[in-house]
Amino acid sequence: MSDNQSWNSSGSEEDLETESGPPVERCGVLSKWTNYIHGWQDRWVVLKNNTLSYYKSEDETEYGCRGSICLSKAVITPHEFDECRFDISVNDSVWYLRAQDPDHRQRWIDSIEQHKSESGYGSESSLRRHGSMVSLVSGASGYSATSTSSFKKGHSLREKLAEMETFRDILCRQVDTLQKYFDACADAVSKDELERDKVEDDEDDFLHSHPNGDYIHSSIGSKDKLFQHVSPKGINGIDFKGEAITFKATTAGILATLSHCIDLMVKREDSWQKRLDKEIEKRRRVEEAYKNAMTELKKKSHFGGPDYEEGPNSLINEEEFFDAVEAALDRQDKIEQSQSEKGRSHWPSSLPSTEAYTTAGSHRFVQAPPSCPPPTDLVSSSDEHRFRIQVEEMVQNHMTYSLQDVGGDANWQLVVEEGEMKVYRREVEENGIVLDPLKATHSVKGVTGHEVCQHFWNVDVRNDWETTIENFHVVEKLSPNAIIVYQTHKRVWPASQRDVLYLSAIRMVPAASENEMDTWIVCNFSVDHDNAPLNRCVRAKINIAMICQTLVSPPEGNKEISRDNIQCKITYVANVNPGGWAPASVLRAVAKREYPKFLKRFTSYVQEKTAGKSILF
């Protein structure tokens, strides 16, 4: 048995298996999903000491990292569709990363997996660091045997292996000794045969006389001389019987020690099997709990994740989409309510005392008082600009069709009715996109149609009542009563952010007869403009009209007309193509919720702004 096969376990257990070198550090530029506003941004990423950190750029590493995660329990997931993207998740924290190309992504994944495998959680290196021998005998406490060696926890098997090493040395020496003995015996036998042949050939030449005259052979003495060295103690002083007894005892000791080692290993195996069974059961329960947790987590969705927002490959279903939108709208409503309560204290409630109320005679429908300039002076019907024909067509269409009563039309559904306000909807879809026309009718006391339309059209007061706009600006002023406006709406996650580019025109349509009402109308419809190209937002298309008619109830006697005597009949029509990939059920539910809120909020704002002021007919 060669020495290089020694079972000596006195050295470190880590030497039983060659450990690989430390994992290679890595750094470079990766695109990281920051948030739903800025999207993917290049970041300097560093992989070092089982930690993944990122910086805004390579030049800003000295200012400290923007974030880091430990890879010990990280889960690395290559994206199913994007060949350059991979996600790293630790508990509920997720990093979304994109490489330059698939090969670049694979190199990063391999490096991260290498660091993770060396982290000490279930890796081969962690098993080596714990030590194979100690692990095998860690449960041997209390083992009872007839051997005189120590059977304390962590030492029994090691000491038995040391005993077997000693037995091996003894056995090797005994084998060498016995081999020498057998070799000597073989040599002696060979020499004996030669001597016997020689004696038989020459025995006649060596006769001796006996006193009685007989001749005898002298070979007895020579034979004694020949075989004197083959006695048990005659070859190199070796005690064959003693060596045989010792050899038998040594082999018996080896067998006993080996049997004891096997018993220890069997006991360890039983112990580890029980622990394995417990771990398997524990793992089963943990996996079941993990699946349940993941199911619950998916219901809540990862806020801001690129896979959990509106898009063709969105992982969020319609129910979860609606829940998320509704929750975001509720939060926004609370913020708007608190802001509106603060803003109301700053709204002027009355005009200076030098201004007087406008008066008019008793009539059923409003006519401008003589002291007021004619409406055509305020809003001309003969604007000259490049969209003039489109504006005229829109106004005529709305005056023809939008004022028609749809209450008895089976194609229109009454979706909301609150007091004087009624909201109708006609379901229309085109290529999977919801294009439902909505029509609302409302009656508001204390305001005129001119006042309502003026506040709806005037961009100077837009932010006072419009709470869904993030920012807007006038792209071009076509005429005193026609402008092109670009506005970006606040994003409601997980829906994509949307913008609108539209022409807004205000117009008064005089009454055709004395018994009819003058009508004020604001038309907003989508147009294109070079100064507002498409961007990261989803461009929505709109065709909206606010149509208002003023009714006046005659005051008693010769009293002046007050706001108690006026009432505004409002017809609001909206045709919106939202674009994008939002589910139809979500769009309809949001429209049903938001349109009535908008009308109530806007009309209340006009009432508060005009209260105590002169009437604008």
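Just so you know, glycine gets a Cβ as well, placed from its N, Cα and C.
These features come from Swiss-Prot:
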type     : residues                       : note
BINDING  : Glu466, Gln487, Asn524, Tyr572 : N-acylsphing-4-enine binding site
COILED   : 268-302                        : coiled coil
COMPBIAS : 1-11                           : compositional bias 'Polar residues'
DOMAIN   : 23-117                         : domain 'PH'
REGION   : 1-23                           : region 'Disordered'
REGION   : 332-355                        : region 'Disordered'
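Across all of the domain 'PH' (23-117), the predicted model scores a mean pLDDT of 87. Residue counts for the domain 'PH' (23-117) by DSSP state, with H, G and I taken as helix and E and B as strand, are 22 helix, 45 strand, 28 coil. Neighbour density for Tyr572 (N-acylsphing-4-enine binding site): within 10 A of its CB lie 24 other CB atoms from the protein chains shown.
The DSSP secondary structure for Glu466 (N-acylsphing-4-enine binding site) is coil. Secondary structure at Asn524 (N-acylsphing-4-enine binding site), taken from DSSP and collapsed to helix, strand or coil, is strand.
Packing around Gln487 (N-acylsphing-4-enine binding site) is summarised by its Cβ count: 20 other Cβ atoms lie within 10 angstroms of its Cβ, all protein chains included. There are 19 other CB atoms within 10 A of the CB of Asn524 (N-acylsphing-4-enine binding site), with all protein chains counted.
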